[in-house]
Amino acid sequence: MLFDALLLQLGYNATLVAIGATLLGVSAGITGTFLFLRKRALVSDAVSHATLPGVGIAFLVMVALGGDGRNLAGLLLGSAVSAGIGLWCLNWLTRNTRLAEDAAIGAVLSVFFGFGIVILTVIQTLGVGRQAGLEGFLLGSTAGMLWNDALVIAGGGAAALLLIVLMRRPMTMVAFDPEYAAARGISVSRIDMAMMGLVMAVTVVGLKIVGLILIVALLIIPAVTARFWTERSDLVVLLAGVAGGVAAYVGAALSASAPNLPTGPIIVLVSFALFALSLLFAPNRGVLAAVLRHIRFQRQVHLRQGLLAVAQEQLIYEPLTLRLLRRHGLLRADGVPTEKGRARAAKALRDEHRWALVRSDQSHEAAAAMYDGLRDIETVLTADQIREIDTLIGGPKEVSA
Amino acid sequence: MSGSEFVPLSLTPLLIGVFAAVACALPGNFLLLRRQALIGDAISHVVLPGIVVAFLLTGVIAAGPMMFGAAGAAVVAVVLIELIRRLGRIEPGAAMGVVFTTMFAGGVLLLEQTDTSSVHLDVEHALYGNLESLIWLDATGWASLVDPVALSYLPPELSRMALTLLGVLVFVTLFWRPLKISTFDEGFARTLGIRTNMLGLALVITAAIAAVAAFDAVGSIIVIAMFICPPAAARMMSNRLEGQVGWSVVFAVVSAVMGYVLAGYGPLWLGASDAVSAAGMIATVSGVLLAVAARFGPCRLRSGAPAGV
């Protein structure tokens, strides 16, 4: 069943939803990346909640004009307008009052959403009878998706992607260093506005599939996921698009494969699963990589200190050090160093002396800064330099009896 | 309007609304100043899975287990946010966004997967609340306020909300000085020996308790609005914390009362026959108050100087 769904074999509606969701996921992931890099991820929360009154008002207007009231394009237009007003309020509050951005986000989000609910109850009491679809915008409803709806979603998503391709460089610059961007003659406020406009477009397009509460997840989670895998911004953008697309596709397929699996939440959960995997297993930034790095570092320190102790004929009691020395064949079971152990220990002690000289010599300042107690001196100095230092240390001296 | 109509139908919802608004606005002041205003938003989203899990475990819709589940979910969310922030080195806003949307999605999924059609538990209810339904049918008029029999039939949400408000009040009064100091100057607070981490956690937990109690009675939308809008509006009115807290209480009460009245009677004045959502209306009124304060408040500018100087 799941394979059928993944291969788009589950009928017309499921295929339509899967394709639409994938397009949405890709454009949301890519748009969200810039938002995330700009450290304004939660602005999307305000934008998405601010769409609700627009949906309601658009419905009322269309009914008043004698129309169907459920025309998706009309509803989306209304939601875009009210999201735009919400965004404007958000910007006005942060710029012209002392409120911080998070307070402004919360204020816009709750007030617009509350007002939207008032309008929804008005629609209910009007008894128009066909308003059932409007609640679907809260959590998304893909069951009755039509070809036209899919076209609207595909068109919106494609337009957003095109705009991003055109504006990727200024947007990246603003995200990382707004002052520099301003110095280069880029209007930061205009780019910010464009970024928010894109977020708004993606939100509006995604209302039908995942609903206004969960579209935030599609904007934030893929970007955070992608950030784990690379340090290059263009790759983060691409990976976020892939992560969003995969999550949306798999989520849509999963939800089509069994009853009672609402599309929006499933997509979000799949997206979170990708995030969790990245958090744990990503190279370099992942938790597992960090743990491995820590263990490797710990072993290096213990081994080095153990060797120095062997060289100075001190007794070693620390169990981890003992275990490491034995495992490397440097120490016998009875605690006596092996031939190899003696050699490595002598080398370690000699390196320590070399380092001490390097660090006391002003002319080796740059090399001395690399000292951390673990680094091999050969990786810092050339063979010639080491030989020079060795002449300072000198050979073995006579020991007085 | 006569007492025989007002007391049974409107008095208790009005009081519950006011209590909920004030209980959320008080901790909201400190959250706002500490740049944690969106905690209320996050908590109100994650409460849903908590309630659903509590329902699945106990099989009943009862206030006790549901509040327990909601509080548990709030704690899980706070821990998860902190964990993701630390482990993944992600900025707090994004970490919050990841956690609360995922938990909310989980809640919706659980709700759809289980057969809750027989009980009154749905997403819309969680969002809007049902302030209008918290009526006191046993009251006959103002005299019922001193009638012990009628009083025993008061909706349980009223006493719960009043208790919560009392708890929040006690917390804020007891810890007023440390809260104030640590909010404005955390380093100084630490040198005074105030355990700022514990205090911050206690504040978030107090906020979560207020949110969960209010959520149960009035829905999540009021919770978010009351955490942020009255304190934000009050911030425009005063440069002193005492003034700000005072104003925020005033704004919260005004929003609750005006919102309730407008929702219940506004449509009637306009000639319509049915009331609109009181929760939504209260949030809307608080937003209007905020807009007015942001436009005309004496301390609305960032420098804190009175306007026009």
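Please read every residue number as a count from 1 along the shown chain.
Positions of Cβ are set from backbone N, Cα and C atoms, glycine also.
TrEMBL has this to say about the protein:
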TRANSMEM  B:6-26  transmembrane segment
TRANSMEM  B:38-57  transmembrane segment
TRANSMEM  B:63-81  transmembrane segment
TRANSMEM  B:93-111  transmembrane segment
TRANSMEM  B:161-179  transmembrane segment
TRANSMEM  B:199-229  transmembrane segment
TRANSMEM  B:241-263  transmembrane segment
TRANSMEM  B:275-294  transmembrane segment
With pairs fewer than 6 apart in sequence excluded, do the transmembrane segment (B:38-57) and the transmembrane segment (B:93-111) have three or more C-beta pairs that lie under 8 Å?
yes
Touch test for the transmembrane segment (B:63-81) and the transmembrane segment (B:161-179), at least 3 Cβ pairs under 8 Å:
no
Counting Cβ pairs closer than 8 Å, which of B:38-57, B:199-229, B:275-294 has the most of them with the transmembrane segment (B:161-179)?
B:199-229
Outside the transmembrane segment (B:241-263), six or more residues from its ends: residues with CB under 8 Å to it:
10, 13-14, 17-18, 20-22, 24-26, 28-29, 33, 131-132, 172, 180, 183, 225-226, 229-231, 233-235, 275-278, 280-286, 289, 293
